[in-house]
Amino acid sequence: MEHIYKHKKKLIYLGILPAFLLYLGFVIIPIFISARYSLVEWNGFSPPSFVGLENYAEMFGNNIFWRSLKNNMVVVLASVLGQVPIGFLLALLVNQKIKGRHFFRTIIFMPVVISAVIISLVWSMVYNYNFGLLNNILSFVGLESWIQNWLSDPDIAMFSVAAVIIWQFVGLYFIIFLAALQTVPDEILEAAKIDGAQGWKRTLYITIPLVKDSILAAVVLCISGSLKTFALIYVMTNGGPSHATEVMAIHMYDNTFNGMKFGYGSAVSIFIVIFGIVLVTIVRNLFAKFGD
């Protein structure tokens, strides 16, 4: 019996090995390489020179970096407070025995698999001040005072972009929650119904506690995805106007490949990794503390 157990254990490790090697090669090793480059000054051509923590000091003294961090937090908060609740509510609705629910699953999830570049171009046209769909609708319903330069006004550009990010990825969390809801035993829900738990009370006190692990996974994915957001914002605004929509990934890209500051760019990338780990750890601890 012990021999069989050891054999199965070896097979499990063997099955995990390919994924581990891919993760090691494409995630772990590049992080250590970036950490090494973050300690040097290098323009990509001349030999790198060791500067210690100077790149980090420059980063923390850069107002544009702090602006990009603030913008990233806007994306994180908008995503967590937008994508997760909306995805959960949609999953609750579609999980009911309603007509056409398979169609709704497809429609809700479809934006997730569409290229970020295509989505960016489409929404740039929607937001266009002169002929965009949004301003035309506002004009048609008599709300001319609401018409805005949605991507050109520094005060609202970040929120306009965040709305698109919510729309694009809400389907991902919808699928996660839908799968979780389908694992909730019908017997428990029926028993709660007999005991008088109806509507939102049954959802709040029965359903949510049973799928809390999926909620945690969704929030963690939401945070990590928000911190690495790049393509959609880069295509829509290129971080403008006046760095109003510049997030840390764009700040890193511009300094690395446009400014040829590979050491500084690596320092920003390492900060993104550490900051993400800190946020995820805080969230996990909060769930562990208040989740029971």
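Note: Cβ is positioned from N, Cα and C throughout, glycine not excepted.
Copied over from TrEMBL:
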type: TRANSMEM; residues: 12-33; note: transmembrane segment
type: DOMAIN; residues: 69-283; note: domain 'ABC transmembrane type-1'
type: TRANSMEM; residues: 73-94; note: transmembrane segment
type: TRANSMEM; residues: 106-126; note: transmembrane segment
type: TRANSMEM; residues: 156-181; note: transmembrane segment
type: TRANSMEM; residues: 215-236; note: transmembrane segment
type: TRANSMEM; residues: 262-287; note: transmembrane segment
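Only sequence-distant pairs (6 or more apart) were considered; of these, at least three Cβ pairs between the transmembrane segment (106-126) and the transmembrane segment (215-236) are under 8 A, so the stretches are in contact. Remark: the transmembrane segment (215-236) contacts the transmembrane segment (73-94), by the rule of 3 or more CB pairs under 8 A.
Residues of the same chain lying 6 or more positions beyond the ends of the transmembrane segment (262-287) and with a Cβ under 8 Å from any Cβ of it are 31, 34-44, 48, 51, 55-56, 58-59, 65, 69, 76, 212, 215-216, 219-220, 223-224, 227-228, 248-249, 251-253, 255-256. Using a Cβ-Cβ cut-off under 8 Å and counting only residues 6 or more beyond its ends in the same chain, the transmembrane segment (73-94) has close neighbours at 101, 104-105, 108, 158-159, 161-163, 165-166, 169-178, 180-181, 203, 207, 215, 218-219, 222-223, 225-227, 229, 247, 279.
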